[in-house]
C-alpha cells in the first residue's frame, strides 16, 4: 500500500471518530437542553400531576431503611463499587522486541439502590431509582499495590475475592460512587401511578430519568461544556480528514 492509500485510511478513521464524537456531543447537548425545559415542582405537588408527565424536583435525600456502601461504609440510597486489577504483561513490538505493557481489568463490580424520598419545604415524594442515570459522589478512589501471593480477601456483592497473586499484578484500585442520605439531590423523571417518580415507559421517546447529587445549574454547565468540546473535536477531525483526502488524491493524480 502506497502513501496515498495510508493517508486515505487515516482520513477515513479520523472522519469516523469525528462522526462518533459529534453523535455523542449532540446526545449530551439534547440532555442539557431537556434540563432547561422541564418544569420544577414542589414535592407535595407530584401526587396531583398526571402520570407520564416529566418533572424535576429538588430537595434532600431521606430514607428510613438506607443501604450501607460496601467500601465507604456510608448510609446511602445508591452505591456502585468496583475493584480494578492493574497488571503488566509481556508482548512483542513491531521490531520483534519483548516489552512490558500495562493493562487493567475489572475483577469485581456491585451496584445497589433502594427507593428514597426527596424532601423539600412542602413535603416529600417517593423516588424509585431503578433505571435511572445516576450521578453520584465518588467517595472512594484508592490504589493498593500487590500484597503478594497471600493477599487480603474482599467481599463485594456477596462474593469473596482473594486479591493476592504474583501473575504480573501491580495492584488493585478500589472505587465507589455513592448517594448518601441527607444530602441535596436533583431528580428529573416521570410521574408514576400513585404519585411517585420513576423512569419513563420505553414507548415514550426523548424522556429521561436522572438523579444527581449536583445542582441543576452545575449539571447543565458540566454537560454543556462537554458537548462543546466534543463538537470542536469532531470539527477538527473532519477538517483533518478533508486535508488528508485532498493530499491523497493529489498524490494519486500527480
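Even glycines carry a Cβ here, placed using N, Cα and C.
According to TrEMBL, the protein carries these features:
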type	residues	note
DOMAIN	87-244	domain 'E3 Ubiquitin ligase MUL1-like'
TRANSMEM	6-24	transmembrane segment
TRANSMEM	229-253	transmembrane segment
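On the 0 to 100 pLDDT scale, the model's mean across the domain 'E3 Ubiquitin ligase MUL1-like' (87-244) is 85.
Long-range contacts of the transmembrane segment (229-253) within its own chain (CB-CB distance under 8 A, at least 6 residues past either end) are made by residues 2-5, 7-8, 10-12, 14-15, 17-19, 21-22, 24-25, 28.
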